[in-house]
Amino acid sequence: MSLTSILSAEAIENAVKDCQAPDSFCYKKFFQLCGLSSKTPKEVKDVFQILDEDNSGFIEESELKYFLQRFIPGARTLTEAETKSFISAADDDSDGRIGAEGQCLISLDRIFKTPDVRRNYLSGWIKSQWLSAS
Ligand SMILES: [Ca+2]
């Protein structure tokens, strides 16, 4: 699984180009430009898993720093200020990392989605939890 199997290479390039200057990274704009905002819950979770390089179930600060390089190898690293504001936007329990499960998945969703899509995603997520529990 690679990011370009979920997102178009052209959209990724546009998104990364848009935040080439240090401290110009805006995650909302980035997710819109690269097309992630319109992806299904499953695809969003696939992207999360790609970004979670060590499969810890969380995206840590060290992984976020290289966020843009996961999309395009030659891209810049995020600055400390960008990394911190990105994490604080998604980190509900303030443990300094973004998780993919439970409450954390919902907060990740808050970043990725518009409110209408978020509701559908939430109900889909709850269903998937029930299915996997039975
Ligand atoms: Ca990780």
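Don't overthink the numbers, they just go from 1 along the chain as shown.
Keep in mind that glycine also has a Cβ here, set from the backbone N, Cα and C atoms.
Counting residue by residue with DSSP, the domain 'EF-hand' (39-74) contains 21 helix, 3 strand, 12 coil. Among the features that TrEMBL reports, domain 'EF-hand' is placed at 39-74.
Residues or ranges marked as Ca(2+) 1 binding site by TrEMBL: D52, D54, S56, F58, E63. The Cβ of S56 (Ca(2+) 1 binding site) has no same-chain neighbour under 8 Å that is 6 or more residues away in sequence.
Feature annotation from TrEMBL assigns Ca(2+) 2 binding site to D91, D93, D95. When secondary structure is read from DSSP and collapsed to three states, D95 (Ca(2+) 2 binding site) falls in the coil class.
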What count of other C-beta atoms do you get within 10 angstroms of the C-beta of F58 (Ca(2+) 1 binding site), across all chains shown? 18
Do you know which of the binding-site residues D52, D54, S56, E63, D95 end up with C-beta under 6 Å from ligand 1? D52, D54, S56, E63
Counting other Cβ atoms within 10 Å of each Cβ, which of the binding-site residues D52, D54 scores lowest? D54
Which Cβ among the binding-site residues (E63, D95) has the fewest C-beta neighbours inside 10 Å? D95
